[in-house]
Amino acid sequence: MLSALLVMAAIAVVLGAALGFAAIRFRVEGDPLVDKIDAILPQTQCGQCGYPGCKPYAQAIAQGEADINQCPPGGEEGVRKLADLLGREFKPLSAEHGEEKPKAVAYIDENVCIGCTLCLQACPVDAIVGAAKQMHTVVDPLCTGCELCVAPCPVDCIYMEPVRETVQTWRWKYPVVEIRKAA
């Protein structure tokens, strides 16, 4: 019994070391510009920009295939930060991709929900929990407010509630000029 346990532990150590070596040896380097652009985007994964998520949109911006003003959840502040990062001229938010709205979170009226799971399938960040023919609910901290769960609901039990500003959620609304150290 003890020898079998030692053999299993040795196998686990060898496989762990092999995986660690492979992760270092075969690392795929990403484009640092794409990572910087992606860090500025709001990570709502809403698709309002015409791309399936924030990372593909960041790649398109870096490759020059998309404009910097297509992200309504990022708002004017996001466009300003992207313009500063890329050295481009600021453009107002594109109206064809939507308008900037205050941050909102989805809520499900649990008395009306029929448990069809359509909202579960539509949520890009898995912020909705529930099972078939069971009540569903939204995990507030995970919800990005993308509104993709609202349209598929057959009984209209999902509504968007604006997030009230608290000490934890308040953000400075005005452009911030970064002060750089003199060389």
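Glycine is treated like the rest: Cβ placed from N, Cα and C.
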One of CYS143, CYS146, CYS153 listed by Swiss-Prot as binding [4Fe-4S] cluster 2 at the site of CYS113, CYS116, CYS119: CYS153
Per Swiss-Prot, member of CYS71, CYS123 binding [4Fe-4S] cluster 3 alongside CYS143, CYS146, CYS149: CYS123
Contacting positions for the region 'Hydrophobic' (1-23) when only residues 6+ beyond its ends and CB under 8 Å are counted: none
DSSP helix/strand/coil residue counts for the domain '4Fe-4S' (29-88): 30 helix, 0 strand, 30 coil
Binding-site residues listed as CYS46, CYS116, CYS119, CYS149, least Cβ neighbours within 10 Å: CYS116
Most crowded position, judged by CB atoms within 10 A, among CYS49, CYS54, CYS71, CYS123, CYS143 as binding-site residues: CYS71
Neighbouring C-beta atoms (10 Å sphere around the C-beta of CYS153 ([4Fe-4S] cluster 2 binding site)): 21
